[in-house]
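**Q** Supplied in structure tokens, the structure appears directly below.
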Amino acid sequence: MWTVQNRESLGLLSFPVMVAMVCCAHSSNEPSNMSYVKETVDRLLKGYDIRLRPDFGGPPVDVGMRIDVASIDMVSEVNMDYTLTMYFQQSWKDKRLSYSGIPLNLTLDNRVADQLWVPDTYFLNDKKSFVHGVTVKNRMIRLHPDGTVLYGLRITTTAACMMDLRRYPLDEQNCTLEIESYGYTTDDIEFYWNGGEGAVTGVNKIELPQFSIVDYKMVSKKVEFTTGAYPRLSLSFRLKRNIGYFILQTYMPSTLITILSWVSFWINYDASAARVALGITTVLTMTTISTHLRETLPKIPYVKAIDIYLMGCFVFVFLALLEYAFVNYIFFGKGPQKKGASKQDQSANEKNKLEMNKVQVDAHGNILLSTLEIRNETSGSEVLTGVSDPKATMYSYDSASIQYRKPLSSREGFGRGLDRHGVPGKGRIRRRASQLKVKIPDLTDVNSIDKWSRMFFPITFSLFNVVYWLYYVH
């Protein structure tokens, strides 16, 4: 009984040991062990000529490109460029690197890439680029059994982006990344987007502080140079600028400063210190805003949209200051002098009228006329020449330049009566004509100038804003 139980327990314990021995024997014969892989890599690199492309003398090598965009770090209007960090992958087939016996892909150390042929790819519009090197150089080389090579890099590049800033900051920009072969022509190498529309990834995850990526487009083409035709791939980003920052930093302050300059129209015109200080402060503030904006933009020859708005605000602020200069000139300057002179002329005329109303009579009862009265009477007699009698002469000459008025005849009385009846008719016509005239503000009245400015400036500025935003906002 004991013997049978010992045999059964011994059989149960020996079964796992036998399975382990079989597995060890199988693993010792596995061709993917370290020694076999080492021999395979040594065999692939032995006699490999890095100077010759795959299928040298045969058809061109097809190189597929894939880009995973990690971030767009900066878009600079001053330097006309943008900075892009990406995972850049290239794949091609090299029959010299095909192997068998190992059903696995071989991911090798990045230093092996220096011993293999790789495409001479470069970025056409590159200004400054580098491959990240922390903690080691960020390169990947992976071999497939059929000889396909996958070569990956983590690159940060600063690429040129020519911008049209005529509609800045209500603009859209198109920034591209141009990928091209430097030395190999289309007879030796061809580029294509590996994966079609899915060759570029990560764009939808990018968030920029001043831009929104509206769309991106991939293009494959050939370019002709004197040395031949070269393959080129283009990745273009359509960037739309976010207006929120500029509304808060530029448009709203400029608008409020312009409105603030109109406060002077409600300040009394004799408060020179207050109105001048307010006008100069608003002008200097607008100048500061414009100067700060120009420092953040390149020196370009054309006018930008924001320049037009700031210039319009500056003109309104400056005109508000000039309006007080005009009011001050009317109130304290030449205007009062003209008013004083007109008052003196009016008093002189009234004095002359009083003197003319004084009647002088000689000893014979004749009325004495002065030289001014003679002229007035003469002009009146010329008008009534047609109805007067040549025999009824109203004046007689005296060497003392004093004239004697004789009694009027019936015809003279008729003429004077006609003249008296004609004057009221002319007065009625003049009154009716004055009623038809449009009321025009008196520019010599300082209160009227300020009153009209309170309406003119806001209405004109509102029309300016309506035209501006309708034109520049799509």
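A Cβ is built for glycine as well, from the same backbone N, Cα and C atoms used for every other residue.
According to Swiss-Prot, the feature histamine binding site maps to TYR122, SER181, TYR182, THR227. Under the heading 4-aminobutanoate binding site, Swiss-Prot lists TYR182, THR227. Swiss-Prot lists CYS161-CYS175 with the feature disulfide bond, giving experimental evidence as the kind of evidence. Annotated N-linked glycosylation site per Swiss-Prot: ASN33, ASN105, ASN174, in sequence order. The signal peptide annotation in Swiss-Prot covers 1-25. The annotation topological domain 'Extracellular' is assigned in Swiss-Prot to 26-245 on the grounds of a curator's inference. Per Swiss-Prot, topological domain 'Cytoplasmic' is recorded for 328-451. What Swiss-Prot records for 246-267, 271-293, 305-327, 452-473 is transmembrane segment.
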**Q** Restricting to the same chain and to residues at least six past its boundaries, which positions have a Cβ under 8 Å from a Cβ of the transmembrane segment (246-267)?
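**A** For the transmembrane segment (246-267), the sequence-distant neighbours (Cβ-Cβ under 8 Å, at least 6 residues beyond its ends) are 169, 274-275, 278-279, 282, 285-286, 289, 293, 306, 309-310, 313, 316-317, 320-321, 323-324, 450, 453-454, 457-458, 461, 465.
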**Q** Could you measure between THR227 (histamine binding site) and CYS161 (disulfide bond) for me? Cα positions, answer in whole angstrom.
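**A** About 26 Å separates the two Cα atoms.
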**Q** Could you state, as a whole number of Å, the largest distance between Cα atoms of any two of TYR122, SER181, TYR182, THR227, the listed histamine binders?
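**A** If we measure all Cα pairs in TYR122, SER181, TYR182, THR227, the largest is 17 Å.
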**Q** For the topological domain 'Extracellular' (26-245), would you mind checking the mean pLDDT of the predicted model?
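**A** A mean pLDDT of 93 is what the predicted model shows over the topological domain 'Extracellular' (26-245).
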**Q** Could you round the CA separation between TYR182 (histamine binding site) and CYS161 (disulfide bond) to a whole angstrom and send it over?
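**A** Roughly 21 Å, rounded to the nearest whole number.
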**Q** Within 10 angstroms of the C-beta of TYR182 (histamine binding site), what count of other C-beta atoms is obtained when all protein chains are considered?
**A** 10
**Q** Taking just the CA atoms, what is the gap between CYS175 (disulfide bond) and ASN33 (N-linked glycosylation site) in Å?
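**A** Spelling it out, the Cα of CYS175 (disulfide bond) and the Cα of ASN33 (N-linked glycosylation site) are 49 Å apart.
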**Q** With DSSP assignments reduced to helix, strand and coil, which class does SER181 (histamine binding site) get?
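**A** Where SER181 (histamine binding site) sits, the three-state DSSP reduction gives strand.
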**Q** What three-state class does DSSP give THR227 (histamine binding site)?
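**A** DSSP call for THR227 (histamine binding site): coil, neither helix nor strand.
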**Q** Tell me, in order along the sequence, which recorded positions from ASN105, CYS161, SER181 have their CA within 10 Å of ASN174 (N-linked glycosylation site).
**A** CYS161
**Q** Which state, by DSSP, holds ASN105 (N-linked glycosylation site): helix, strand or coil?
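**A** The three-state answer is coil.
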**Q** Out of ASN33, ASN105, CYS161, the recorded positions in the record, which is closest to SER181 (histamine binding site) when you go by Cα distance?
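**A** The answer is CYS161.
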**Q** Going by a 10 angstroms cut-off between Cβ atoms, which of the recorded positions ASN33, SER181 has the sparsest surroundings?
**A** ASN33
**Q** Cβ atoms within 10 Å, counted per site: which of ASN105, ASN174, THR227 has the most, among these recorded positions?
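**A** It comes out as ASN174.
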**Q** Helix, strand or coil by DSSP: which one applies to CYS175 (disulfide bond)?
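**A** In three-state terms, CYS175 (disulfide bond) counts as strand.
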